[in-house]
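Engineer: Quick paste from TrEMBL:
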BINDING   119, 120, 121, 122, 140, 168, 188  S-adenosyl-L-methionine binding site
REGION    254-297  region 'Disordered'
COMPBIAS  285-294  compositional bias 'Polar residues'
Ligand SMILES: C[S@@+](CC[C@H](N)C(=O)[O-])C[C@H]1O[C@@H](n2cnc3c(N)ncnc32)[C@H](O)[C@@H]1O
């Protein structure tokens, strides 16, 4: 459920009710979606938690297990849902999703067409962006995936904002009834170039199309077709680098390789914090005013996601 208080406003102040979906948050990398039921019990390595203790508490509440260990009960926002949803297909992740929503210019009231629906990862963010008056029409030719996506949209409270239809978009194109109504179209298909002529028909004047493809050969073929009806064709690859930041105790100055303080900072005044890097590639910030052995370290996460795909954007050429 998106935390909607009335049909118009998004709110995180809403209290948890029987039947709600919440994200149970242990750590940033340990979360799971749980449907709240008045007789339900959640068990994890910290003990057990009765759902009845959760009902009536606001989203964001910290709740204790029988052993006094806590988890947070969070609203299933698109950002969190993308991290916990069940993967029935490859999905779009936060970096690509953010870029798509921004460059497709998706705002409240927009009509957005999407194919394929896949696991509904992107659809969830599109739905929030068009709410409360817009709509997302999502198409997938795989019947079971469409059924699961509808169930998920029901659970997350966005079913009034997204319509899922079973349709072969590469073979049949988008339905005529949506012709000229779309502010934007998003394609995540194996042969997106086959759907481009139909996407052009669906778009309003100045409408924007985006196609996501993992391989550059798919991008080339799509761009060749885009050139007949679209302008401003641009392709991006979005790479996200996440940093691990840790406070650590360091035995001596022996492990410290380089120092960038007074002597090598161009004669600038020495700062209270010393910035150095150690042999493990961590950038180290040492606070001179407290214990000299306590340091804050930062380095890029080792399991950071690399290439996901290319995002090609294009704007429908106006005839007038
Ligand atoms: C990679 S998934 C989409 C993932 C989605 N963007 C997400 O974020 O969850 C691609 C989807 O396209 C669907 N698909 C493939 N060919 C199709 C076609 N011709 N028409 C409609 N859907 C198609 C597949 O069934 C699959 O579910």
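Yeah, the Cβs are placed from backbone N, Cα and C, and that goes for glycine too.
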Engineer: Report the largest Cα to Cα distance, in Å and rounded to a whole number, among the residues 119, 120, 121, 122, 140, 168, 188 that the record lists as binding S-adenosyl-L-methionine.
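Structural biologist: Output for S-adenosyl-L-methionine binders 119, 120, 121, 122, 140, 168, 188: max Cα distance 20 Å.
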Engineer: Do any residues at least six apart in sequence from residue 120 (S-adenosyl-L-methionine binding site), in the same chain, have a Cβ closer than 8 Å to its Cβ, and if so which, in order?
Structural biologist: 85, 138, 149, 152, 153, 162
Engineer: If I restrict to non-local contacts, at least six residues apart, and a C-beta distance under 8 angstroms, what lies near residue 121 (S-adenosyl-L-methionine binding site) in its own chain?
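Structural biologist: Residues satisfying the criterion: 81, 82, 85, 91, 92, 93, 97.
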Engineer: Just name the most isolated of the binding-site residues 140, 168, going by other Cβ atoms within 10 Å of its Cβ.
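Structural biologist: Minimum Cβ neighbour count within 10 Å, taken over the binding-site residues 140, 168, occurs at 168.
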Engineer: Do any residues at least six apart in sequence from residue 119 (S-adenosyl-L-methionine binding site), in the same chain, have a Cβ closer than 8 Å to its Cβ, and if so which, in order?
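Structural biologist: When sequence neighbours closer than 6 are ignored, residue 119 (S-adenosyl-L-methionine binding site) has 85, 86, 87, 88, 89, 91, 145, 148, 149, 152 within Cβ distance under 8 Å.
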Engineer: What is the Cβ neighbour count of residue 188 (S-adenosyl-L-methionine binding site) at a 10 Å cut-off, with all protein chains included?
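Structural biologist: The answer is 25.
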Engineer: Can you check what DSSP calls residue 119 (S-adenosyl-L-methionine binding site), collapsed to helix, strand or coil?
Structural biologist: coil
